[in-house]
Amino acid sequence: MVRLGSYCEHNGSISQAWLDSGLSPCFYFTLVPSVLLSFSFLLGALQSALYARHSTTMEPKYIPRSRLYRLQIVLSVVLILQSVIGLIWQAAGTDVVYGYMIVHGCLSVVAWGFSLWLLHLERTRALVREKSRGHGVVLLLFWALAFAAENLAFISWQSPNWWWLSRDTVPQKVQFGLWITRYVCTLFLFVLGIRAPGRPRKPYIVLINEDERDVETSQPLLRDPNQSTWQGFKKKLLLVMQYIWPRRNIPLQLLVALCMGLMGLERAINVFVPIYAKKIVDGLTEDSTWNILAVTVCIYVLLKFLQGGGAGTTGFLSNLRTFMWIRVQQFTNREVQIRLFAHLHSLSLRWHLGRKTGEVLRSVDRGTSSINSLLSYIVFSILPTIADIVIGIVYFTSSFNAWFGLIIFVCMTLYLTLTIIITEWRTKYRREMNTRDNEAKSRAVDSLLNFETVKYYNAEGYEVGRFNDSIMKYQVSEWKVNASLAMLNQTQNLIIGLGLLAGSLLCAYFVTENKFKVGDYVLFGTYIIQLYTPLNWFGTYYRMIQSSFIDMENMFELFNEDQEVKDAVNAPALMFRSGKIEFENVHFSYLDGKEILRDISFTVMPGQSIALVGPSGSGKSTIIRLLFRFYDVKGGTIKVDGQDISTVRQESLRSHIGVVPQDTVLFNDTIRNNIRYGRVSATDDEVEEAAAAADIHERILSFRDGYDTQTGERGLKLSGGEKQRVAIARTILKAPQIILLDEATSALDTETERNIQASLAKVCANRTTIVVAHRLSTVINSDQILVLKEGQIVERGRHEELLLKGGVYAGMWQKQQSGSESSSDSDSERKDRTSEKLQPPKATPRRGH
């Protein structure tokens, strides 16, 4: 006959948490399922309500079939069954069932049953606006709490009420077996929960919209502000951590090791500071000798000197560690920026044309600076704080009693849980603020880069208004971020205050009962304040880490951008011989379904010049870009001296090609350095020789600063003709064997064009040349003219031959000739305007006195 005993064994009290050098089984097996059920039911109910309102049923084809998910189900069911089996065995095997056993069995069944329901809910439904993958915060924290609770059993290692010391009886063996089952199951559930095998590998919103992508930029059209910052946490962390260890730099590696050692020493000092404070107080109250007291005080002051202002943030060790870390931090910053800058230059022209430079630079700036912050917060703030918390729990549990360890444990759990929940909720506001900030900065940069256009249309007020709108939107998002931050800080302060109050009252009570000494109260107060000081910053650390991850998201996206045009593994260099160019049945399209070039075939013999003419959009400039390998062809081949350019290294191909584009963009540097960019190792004499060959040497000398004249942003201080001549001089200095002229004179007046043509003739002499021309008069002497229309070559031949055919070329020639007279006057006026940019200094006559 089963007999129902008292609630606790031996008529004990549940309030007696510490019993016989360990946790009371009655207290432990009541507390753990109560906390788990409360957590899973309260927060799980909120999650269920959220899913009921905002979720949609996932299509079966998107739900992964995983054995690991089945293992999650099995482990949860095992935990439910072990609670029932343990209760049944207790009733059948011992004939006595205590109240706490019934409570433990019932609450555990309900808690794990509810977690099983949440697991099924997250597998079959998805939030409409959710872009994160993986399990929700509720399940992850539930499994973490369950596993942490099983680890609390180790505190009772020396207690005879548990199975650690002796497992001679059957009940002890059964209880130990049930604990092993719970420990293994909760451990695997926690690990599997991080992997989330039952959830899609991609966010559901991405799966159902995979076809709705911007082809040009390869970016998802839908961008959700609610995406979890911790999505891809492992990948991000591994990418960041590789910069903390300076490879091939032994001195910096030693600095990293020393910094880690100092950080460990700080943790030990944090324990001894309160202990010596207790010894001083006990020595003063117990009339210790002066010698002992003086030594104790000296040791205490030395420890405080090493530790610093209560939290190890301004002490000798901390300052020494910070000083040694400077070089490591500089190494990290340099490596990230150089690697990212090189990666950006390796991306295709298509990618750069699809991005705003201001936004890219803003993302790079914030991303690189956030990496150092992230490393500092994780290595020197988060890890030490967690270590201090664990050490504090173990110390107070072993040196005081379990109540103090329990108070700290509960406060830490509540603090971390609420911090994570509220901060995750705030993420969307932070991300929105970053987006608005990018938009505002990009709008300002775009407006300033188009300064002349703004002036042409008297649009200053319009631009200021647009910028004001951007700032207003940014400040709305900023207010949400700061308001939610204030709420988080209040929540954290409340939890810390309640924990400090509970511990202080309990310690004071034991002092009045003569169970503790006054020094013990001082030790507790000193230690707990010392512990809570970094804990008070824990929320800030979490927010800053999250903020750093948010700031790095765009930078990681840049790192993840694949090179559209990249060299094959072990690709050889181009073996240049004479400069023969062959296009064989070339097809190309920027977007799928719309071919720009169709079956293009032609050959340029060494030293010959070929002209590409035709209406806008016919594919002339595309041929230039394909030959320079800004893009790879979709079909056919392009050969230089019989070698397919897609199989050779880009660097070797481009070293033999010189380009003079239609819109020459100069660096904001001196004219000398802009010309020298054609060959950075060139001497000043070689630069001036190239300028003379481009017929701009005398013009440069007429400027006040000569070759040291600044060209301004994008070369805006120079006229169009001057910029083109600088570009020609740059190409002459490069001395390429192949010349590509992409409508190099189309934006110039007739007289300037004639002068430029003379300079171009010098550049192209005895070189293979391809010219894209709008004005047919500039290509009449070409060895061959190709007429393109709608991506196809419709005519080819010399100037006279094409005129005799009376086809497309003849029509274009006739049209341009008939309009040449009417445009001559406007050309002269344009010349006058374009030569006004930089004028040589005029002598200023002196006035007489």
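Placed from the backbone N, Cα and C atoms, the Cβ positions cover glycine too.
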| Going by the topological domains in Swiss-Prot, would Ala17 and Val281 end up on one side of the membrane? | yes
| Candidate annotated as N-linked glycosylation site in Swiss-Prot, where the set is Asn11, Asn668 | Asn11
| task | For the disulfide involving Cys26, grab the partner from Cys8, Cys106 as Swiss-Prot records it. | result | Cys8
| said: What residues elsewhere in the chain lie close to the transmembrane segment (255-275), defined as a C-beta under 8 angstroms and at least 6 residues from its ends? | reply: 244-246, 300, 303-304, 306-307, 312, 315, 317-318, 320-321, 324-325, 327-328, 379-380, 383-384, 387-388, 391, 395, 522-524, 526-527, 530
| message | Pairs of Cβ atoms less than 8 Å apart decide it: which stretch in 292-312, 374-394, 402-422 has the most with the transmembrane segment (521-541)? | response | 374-394
